[in-house]
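Encoded as structure tokens, the structure appears first; notes follow it.
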Amino acid sequence: MGAAGAGTLLKGTSAQAAANTHFTGYPNSYAVLHDITRCVGCRSCEAACNAVNELPKPDKPFTDLSVLESRRRTTAKTYTVVNKFPSDIQTTPSEKPVYVKKQCNHCLEPACASACFVRAFHKTPEGAVIYDPSVCVGCRYCMIACPFEIPTYEYDKALEPRVMKCTMCYPRIQKGLLPGCVQACPKEALTFGKRKEILDIARERIRRHPERYIDHIYGEREMGGTSWLYLSGVPFASIGMREDLGVTPAPELTSGALGAVPIVVGLWPVLLTGIYAISKRKEKVSEEERREAVEAALARAREQAEAEKAAALAKAQKEKETAVQQAVKKALEEAKKKAEQEGQA
Amino acid sequence: MSETTTVSNKSVWTPFNLVAGIIVAIGLVLTVLRFTGGLAAVTNLSDDNPWGIWIGFDLLCGVALAAGGYVTSAAVYIFGLKRFHSAVRPAILTGFLGYALVVFALHYDVGRPWRLPYPFVVQQGTTSLLFEVGACVALYLTVLFIEFTPAALEWLGLKRARNLVVKLTMLLTIFGVVLSTLHQSSLGALYLIAPSKLHPLWYSTYLPVYFFVSSIIAGLSMVLFESTLSHHYFGDKLDEAHKRESLGVTLGFGKAASLVLAGYFIIKVIGMATANTWHYLNSGYGAWFLVEMLGFVALPCFLYAVGVRDRNVKLIRYTAAWTVLGIVVNRFNVSLVAFNWHLPSSQRYFPHWMEIMISVFIVTVGILVFRFIVTRMPILYEHPEYHGH
Amino acid sequence: MGIKRERALFMESTFFTLQDFMTFTKGVTYILMVVALIGITGFWLFLSGRDEDDAVDPHPPEHHG
């Protein structure tokens, strides 16, 4: 549903609502390119993010690079983290470790937006996926849904816990400024621009330096495409970026189940009423048959009774006649005898 | 009808009441902790594991095991199997309390429970299966409540109101089946959005179908299980109709459960073929999947069948309890065991004892309310004034 | 604010994302479902309004035998 159909890719920006239409996203949305080969793990981006978003001060300062020794994920106080991957996982001759920045990827079809039952997430035309804490109920389904495991939750807050994640510095980019991390990066490992242009830049870098880059722009098509794109010199799977997520956008994963809902609503009442009617009819027919059987049995019984009665009456009548005949015969014989006796005297 | 007076010499301080009382007291304390210290104070939930046993057990198992309501009322009123009539009210009560407890438990789990009505009255996340679950559960809870009221109205002597509600039975039953089909399946569909986080043996595009079909199994088995407990603990409340129909209900529901379990087994295997996940069987998770399929689907299917053929009531009742456990195992597997299977063990979840305690508290409250209702209202017996209706 | 956004979406005849498209179509579908349920209930009452179980037949069929 909504996926690329048999070549009916509509040119231009409008995507009409047809079953075989392909959605290409907002035409002028921004994206960020993270060139992993340029990252040196200085954590300036983390510091800038913390300052711009007025997040709480961390336990260890951003200048402390020892935190890179353990694998970190985003937290309720950290929209972005840089992770370090040891040099022995590299396939290039360089001995340096690999540093990767992780944050919300601002997907073109965000799973969090698809999952949220109060529409607290919104993909803006600028490209940022933003969160509205004023409607959030705190169900955390967005955290289940995000394939990149990005959203975090303020579990320690009793009354106003929020989901926390990178905003692509939405207020800043609306004003024409760069996101905090992009601004702060000293190595130009982060580049901000229109997604189309960012993809061109990425392809050009791969083309120019095929020995430096893996021939893949991570985020170009993963989960239907993201607004944070990555170039790497080592396989993405070795630096904590999953390559088994597929290209199906999250809304498509659930559209089948969602589509079945109104069909059930439309057809179940009809089916169930039908079953009820049939079972009621069966009951009625069996009730009728039962009644007919009882009546037939009664009728037969009555007939039999009548027949027996008639037979009994006839028998009684016959016996009566025989008895009368006998009595008459006897009387005649007696009269004859008497007459004979009187005749003799 | 044997009616032992409840005005007896029995003291309030029975062992059960004492234990229940302690649980309730602890539960109240933990409730205060939850709402003063946040979820962190009483749970082991984390950014990696946003859903724990309050979703895996209270929501998923709670809803599945409350399915007896729609299954039984459908059997009696839609399919016309009048010989199961005595099972309807206990099933509806179990269903109603089950769903009420689910909503109660959700107030502990979500970050801002006072905003639970938001998806309906403020902003609708119509692409979300959770929206669908919420809408259906809310509506179905209403349906169940209405279906339960005749028993309460009879107890209160409100004849006209009671008769009016009874007239709605057919309509409510059909609505109930529609709503139940939707939310039972949608609970499974919740996980469709996270294929990368659910082990391939449990993830399937058929998840909604699996959850729906297994809810029927859960409903049938739960009716039998609840009846076993009621016969044992509330035996004096059962009337002649109940006792007379009991064997028929046990055999009938056991037979149905056996058949549906067989169908469920088949469609689970078909799901594996569709996704070509056979090779996953050769692993630790694969072995556990086989335990679930063979021990908790195939085995009860067979035991139910033997019980029905031999008219072995005891076997059927034990199988019912085992099947209820099997449903819990399945829901736990989907939500807690197979979910996040790819994470290292240091990042996996195990509930905090306070989380478990709150769940125990919620179930205890449910049992206490069940006991209150069943010992006073015509659930296990027919009210003499309405006999025959 | 949510309602205003909804109106704005409705005015938009073009959807740039599948998410926005589905939000709209599913919203319409939910409303249709409620209407359908109420409608089919009413229709069922109409359909079974003169069922022979309830109605009194003014011309009962003749009984022979």
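Backbone N, Cα and C define each Cβ position, glycine as well.
What TrEMBL lists as transmembrane segment is B:12-33 (among others).
Under the heading transmembrane segment, TrEMBL lists B:53-79 (among others).
TrEMBL lists B:91-108 (among others) with the feature transmembrane segment. Here the transmembrane segment (B:91-108) has Cβ contacts under 8 Å with residues 31, 34, 54, 58-59, 62-63, 65-73, 116, 137, 140-141, 144-145, 147-148, 151, 219, 222-223, 226, 358-359, 362-363, 365-366, 369-370, 373-374, 379 of the same chain, all six or more residues outside its ends.
According to TrEMBL, the feature transmembrane segment maps to B:128-156 (among others). When Cβ-Cβ distances below 8 Å are used as the criterion, the transmembrane segment (B:128-156) is approached by residues 63, 69, 73, 89, 92-93, 95-96, 99-100, 102-103, 116, 119-120, 162, 165-166, 168-169, 172-173, 175-176, 179-180, 182-183, 186-187, 189-190, 192-193, 373, 376-379, 383, 385-386 of the same chain, each at least six residues removed from its ends.
Residues annotated as transmembrane segment in TrEMBL: B:168-194 (among others). Counting only same-chain residues 6+ beyond the ends of the transmembrane segment (B:168-194), those with a CB under 8 A from a CB of the stretch are 59-60, 63-64, 67, 69-70, 73-74, 77-78, 129-130, 132-133, 136-137, 139-140, 143-144, 146-147, 203, 205, 207-212, 215, 334-335, 339.
Feature annotation from TrEMBL assigns transmembrane segment to B:206-225 (among others).
Under the heading transmembrane segment, TrEMBL lists B:246-267 (among others). Listed as Cβ neighbours of the transmembrane segment (B:246-267) (distance under 8 Å, sequence separation of 6 or more from its ends, same chain) are residues 75, 81, 83-84, 86-87, 206, 209-210, 213-214, 216-217, 220-221, 223-224, 227, 231, 238, 293, 297-298, 300-302, 304-305, 307-308, 311, 313, 316-317, 319-320, 323.
When Cβ-Cβ distances below 8 Å are used as the criterion, the transmembrane segment (B:287-306) is approached by residues 201-202, 221, 254-255, 257-258, 261-262, 264-265, 268, 280-281, 312, 315-316, 318-319, 322-323, 325-326, 329-330, 333, 337 of the same chain, each at least six residues removed from its ends. Annotation comment: TrEMBL describes B:287-306 (among others) as transmembrane segment.
The transmembrane segment annotation in TrEMBL covers B:318-341 (among others).
For B:353-374 (among others), the entry in TrEMBL reads transmembrane segment.
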- Note on the structure: Between the transmembrane segment (B:53-79) and the stretches B:12-33, B:206-225, B:318-341, B:353-374, the largest tally of CB pairs under 8 Å belongs to B:206-225
- Query: Restricting to the same chain and to residues at least six past its boundaries, which positions have a Cβ under 8 Å from a Cβ of the transmembrane segment (B:318-341)?
  - Reply: 48-49, 51-53, 55-57, 60-61, 64-65, 188, 191, 194, 197-199, 201-203, 207, 214, 217-218, 220-222, 224-225, 228, 254, 257, 261, 285, 288-289, 292, 295-297, 299-300, 303-304, 307, 347-349
